[in-house]
């Protein structure tokens, strides 16, 4: 009798676990479909990295990407978010079983953030972080594709100004499509954990 009870319990437990995994799989598939329906990241872009090399969205197909939009004159938020992004990538890199993640930074202030400015600014972050800039028109194509809000404020007496913009880190899958996003409340540990989950179920 004990053996029968144990066997029945094992079968029931296995069935419950299987049903739970199937439910989670369906939930992930539904969320992925909802995110893709938003139409985010479905366009292309052509920008220059901090070395002056032309980069297109298609160059990153087959790679996992963490992407942030900001500007180099940002006093605190952008450096904090880029530092968080860099630490998340470092955490993921510490697990050799995971595929690499490409960190990207696209400026929303192309008037001041030329190739040289991007190169100088990014020296303090992850060594593989690519900074992308270009003409105002080319940058606008990229921001529209990700529905990023950006608006330059009034200039001060020195001609300096701030840019109000969306503060999100985007996760793109190897197919180049948007999978998830992380706001300021997310830590680098939480971002890395989320990316791991996406990799495991992709």
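Just so it is clear, glycine is given a Cβ too, placed from its N, Cα and C backbone atoms.
The domain 'Thioredoxin' feature in TrEMBL is assigned to 36-200. According to TrEMBL, the Cu cation binding site annotation covers 74, 78, 165. What TrEMBL lists as disulfide bond is 74-78.
Ranking the binding-site residues 74, 78 by other CB atoms within 10 A of the CB puts 74 at the bottom.
Cβ-based neighbour count (10 Å, all protein chains) for residue 165 (Cu cation binding site) stands at 21. Those same-chain residues not listed among 74, 78, 165 yet with C-beta within 8 angstroms of the centroid of the Cu cation site C-beta atoms are 69, 70, 71, 77, 81, 108, 163, 167.
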